[in-house]
Each structure stands twice: as C-alpha cells, then as structure tokens.
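TrEMBL annotations:
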{"type": "DOMAIN", "residues": "1-364", "note": "domain 'Nucleolar protein 10-like N-terminal'"}
{"type": "DOMAIN", "residues": "368-416", "note": "domain 'Nucleolar protein 10-like second'"}
{"type": "COMPBIAS", "residues": "457-466", "note": "compositional bias 'Basic and acidic residues'"}
{"type": "REGION", "residues": "457-476", "note": "region 'Disordered'"}
{"type": "DOMAIN", "residues": "488-514", "note": "domain 'NUC153'"}
{"type": "REGION", "residues": "521-661", "note": "region 'Disordered'"}
{"type": "COMPBIAS", "residues": "525-566", "note": "compositional bias 'Acidic residues'"}
{"type": "COMPBIAS", "residues": "600-610", "note": "compositional bias 'Basic and acidic residues'"}
{"type": "COMPBIAS", "residues": "644-661", "note": "compositional bias 'Basic residues'"}
Amino acid sequence: MQVTNVNDVRVYNLTCGQQAAPEWMDDTKKKKSKKEADAKQRIELIQGFEMPMLSNSISMTRDGQYIFVTGSYKPRVRCYDVNELSLKFERCFDHECIQMKILSEDYSKIVFMHANRYIEFHSQVGNYHTIRTPKQGRQFDYRYSSCDLYCVGATNEIYRFNLEQGQFLEPISSKSPGFNTCQFNPEHELFACGSVEGVLECYDPRARSSVGQIDCAVFANSNSGNSLPAISCLKFKDALNLSVGTSTGQILLFDIRSNKPYFIKDHNYNLPIKRIDFHTQNDDYILSIDKKICKIWNRHTGKNLTSMEPGTPLNDMLNIPGSGLICLTNDSPKIFVYYIPTLGNAPKWCTFLDNITEELEEKPADTVYDDYKFLTLKELDTLGLSHLIGSDLLRAYMHGYFMDIRLYNQAKTVAEPFAFAEYRKKKLRQKIDEKRERSRVPLPIVPTVNKDLAEKLRHDEGETTTKNKKKKAKNAEDKISASSVLKDSRFQSLFTNPDMQIDVNHDAFKNIAPLVSRLNKQTAVEEDVESMEEGDDDEDYDDREGNDEEVDLMDDILTSDEDEDEEKKAAVTPRRTKLVPVGAEDEGDQETLRSLSFSERARRTADSDKSSTFTRPSVANKIPTDNKEKRRKRNTDDDDDHRRNVRRAPRGRMNSRRGEP
C-alpha cells in the first residue's frame, strides 16, 4: 500500500504493489506467488478484483452489496459480493460492452449495451432477452415510472423501448446529428442529452418534445482547431443543479433555470471528461476523471482537494456512497482502489481500513517517490553533479531532477565531509539556548497599543495575590474578566491594532472621564475600607492574645503565692530525722548536707555534736539509702519552684495588685 500526501490530504493506494496473475497460470503457482514476502505486505481489499486485460465500466447496486465490472479479453462481466469480499459470478459476452445499467435493487435485473448494436437484458440466472437498435448506441438511461429505456447514439433520433410491452415506441427526433450522453433527473424526470455539437437539449418525456437547449460550446475553451467541443458526460446533483463535461476538458456547472454556467472548471489536459460524480457525504466536492487523472475539487471555489494519477488510461469511476473509497477502471488488469479519509470513513464492509490508516498516520508519508531525491539545478552545481544532466542517473521533473537517494548520500558525503560535525554543533547550540531560556525569568510583554490599559489590568490582577485565601478567591472572581482580556484571543486586536488606540483627547472620552475617575476613587475607598477591616481584625486578634497572656500571668502569680505559703509551713514544721555530721561515712548524707545552705548546715552540725556527747551514733540515726528516690523527687519539686519563681512578677507589682480594691 502506497501513501501519498497532496495538499495535506492523505491518499492510500490499496492496489499499489499488486500484480495480476495471468489467466493461464494454474492454481498451484498462484498460491505460491501469494506466499511471497512482497505479497504478504499487500492489501487485497476484494479477492480477484481484476480483469484479464482491462476494465471498462463499473457500477454498484442500490443496496450497496454488489459491484459489477465489465472488461476484456474475453469480453465479460464480473459480480463481486462486498459482504464476502470475493467474486460471486462471472459471465462472458460475444462483443465488447459499452455501458451497463442495474435496474433492480440487487443483481437480478441488468441491461448491457454492446458494440454490435445489441442490448442484452440479464436476470439472476443469465441472459434473458436481446434486442438490436437501428443505429449504433452510445449511452442509455432508464425511466422507472413508465419502464421505458431511452437510447441515444450516432443518430438524431432517441430510441425508446418499453420493457412492460416488450416493443419499441415511437422515437423522439432532434436537430442534432448525434448524441454522446443522456440522463434522467431523478426528481422530476427531465431527460437531458448532450450532442456532438456541444448543445445540451432537455426533453419532457410526457410531451416527447424539447423544452429547452443550451449551447455549451460557447463557454468551453476549444483548443481542437475548427471542430466544436462536444458534450461527453452529464450528471444531475438534484432537481436544479447539473454538471456538464466537454470533450476539451472543461466542466460546466449549471442551474437549469439559467442559460449560463455559474462555475467552470478546467482539467487543463484537453482530454474528454469521462465521468462526473457528486460526493454523497460532502456535498461541496465533485469527482471528475479524464483519460489521465482523477480530480476532487470544491464546486464553489474550484480549489483542488487532491488528485490521483495512476499512470494508465482511466475509463470509469465508482465512488462508494457515503465513504472515502474510490474505484477506478483502467487499461490494466488491476482495478485501482483509493481510500481518502478526508472524504469519509471506510464502508461498513471494510472497516478494518480505518484501523490500518490510523497506524500509518503515525509514520511519515513519502510525497512523490520512495527512493529518489529531488534536486534543483543550483543544488546539482553545489554537489558537483551538473555533468550528469542528460544521463540515466538523473530524471528530469518540473524545475529539477530526480536522483537515486544512494547516489545523493554519497555525493553529499564527498561534497560536505564536515556536515555531521556542523549538524552536531547546531544541535548542541539549540539545546544550550533552550536551557538558557528555561533558566531566564520571563518578563511581561507590554503591548504598544493601549499600554496604560494593559498595565492597569496587570496591576488589578496582581492585587489578588496580596490578599488572604478567602479574600483572594473573592477578588479573583471579581477580576477574572479583567485578567482574561489580556489572554483571550477575541481581544488581541485591542492591543495590536493601532485603530483601537484609546484617544484621551477625544470628546467622547472626556465625557466619560469624570465617571471613570469617580469609579476609580470608589474602588480605592473600598480597598481602604477592606484594609482597615483587616487591620481591626488583626488588632482584635492581638487583644485576645494579650488577655490570654494576662490570665496566664495571674495564674502564675496565684500559684507562686500558694507555693510560698507551703514553703513557710514546711519551715515551721520541725524535722523528725537527725542528720549525720559532715565527717560521716555515708556519701548520700554528705550530698544532702552539701545541698543545704551554710547556716542550716552549721546549725544541724551543732545539734549533732550535742547529741553525740550523750549517745553514740547508731545506724538508726543515719539517713537510709532507700530515701534516695524521695530526695530526687524533692529536688525535682525544688526545680519546679525555681521555674515558678522565674515567671513570678516583681514584688512591687504584686503588692500594688493586692492593694487595689
């Protein structure tokens, strides 16, 4: 499958790389050819979608289930079932088929026009009936309301054959020497014919007379000398719009209420237009083919959407209704199948194409050739390969040449040996610049138009960041419209277009200037009030904290008074234990004595001396070692008293508070 990208529209050629197997090849060799590595990469949408030599016309049933293709050689018709993606049946003819028409919803009723003036009617079992026209026919159409078959050709008469009665009716005479094409309008059954002289004639089948004619050769650019451009094909879009293709490559779009075309499209190949079709999903696009190219273009502007140029002469076209799948018959065995996702999705019977194309979207597409490089004459001189012009190594194309990519890479290496080093330096420089840009602090871009307004909006936007969270959310809601003005694309012209500059000297601005200043003052007052309210809230919070501190101070003072009373009681209460002098052997007693004051230790030492003159110190008079925990607890209580005394207020302040009423 080949993918091309023309005008940023991807076109998938599903037939690229496929080769038709010869008819004389046996089944065993055909199976072997399908197992090749190259064949495994191909996409065969419908099995055996080909002809032995070439394909002429192609058509699809109205139920969208069967595709009919005529071709040669031998002359034949093949019916393909799209639900099974395979061939349903094949029938051969005695002569080449010019045109076919499917009369029923399915494949049960078909009409074929042959090159030997015969018209065959086929049913689902085969050939049902054959008739012969007086003159060679070129095209025909069927009128469903009356079961009449209208046939035009190399004569000035329009033959009518009624399928209900099984006989010819009286023909319709015309002044034109012959016709190339004809078609019924499906809405009001107006019968339009295109003559070999470039005249469009319209007939009412009820009156069997001409109701009007338009000379289309006047609007076509004839490059064929003295001969007039003929009408080669017709196509009705609806009840009013009609497209006409000429033999010189022009397409005229008419409104049948006017005698002049409202748009003319030229293929620029001076080849007859063979088929015109309106896309059913995108009504703005028209598909048209000539012998060389198939173009898809806009019917309002004439701009080309994309085009397909397979390289072999084209004969007919089928656009699968409601999809982007296009089939082209040509003078080669394979029937070209193209898929264009821009026109529409894949049909329901081959939805797997969407999955395949989605995977290919991620890969780059080759625009023209896979293994060739396009070079201009200047680039050839730079590489020193201008002497190859005219040889087989260069292929002239447009304003340059195509060269094999391998030869180009070798020449590039020789001509620029330090290209890789320069490329590496360039990449390193880009990375360094990107790193510097990320490390820099971005500065706000001040517009040149309405600079004061932009600065005011930025100032208003920045004020929201100085508030607390609750105020910030409230202010952000109020100023969201101001900040969005600078970022919204709808207001970009306000800061880029000089015509949008605010003129402060204009009378209209002077009239609203007092109102603007008053609003600014009101806004400033509101902001001051808000700041004052915030200051009052802060003061209330400080007062509450101060009151809490005073309460804590009073608790400390009362606690300290209670501790002093307890200390006084403890000092008055006599001690029941008798301490050992300093010279005693007990280390715990010595530590206890060291912790006491000097006067207390001296007093207790004197008492111990007096008692020692009368009685011998015993073990009972010593402090037991089991009291260490009690002493440690007492020391901890002393530390707590020390901490309370540190937080105690001065005596003068305490006395003043006690003396207050």
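Including glycine, each Cβ sits where the backbone N, Cα and C put it.
When DSSP labels each residue, the domain 'NUC153' (488-514) comes out as 18 helix, 0 strand, 9 coil, counted as helix, strand and coil in that order. Confidence in the domain 'Nucleolar protein 10-like N-terminal' (1-364), given as mean pLDDT, stands at 87. Under DSSP, the residues of the domain 'Nucleolar protein 10-like second' (368-416) split into helix, strand and coil as follows: 21 helix, 14 strand, 14 coil.
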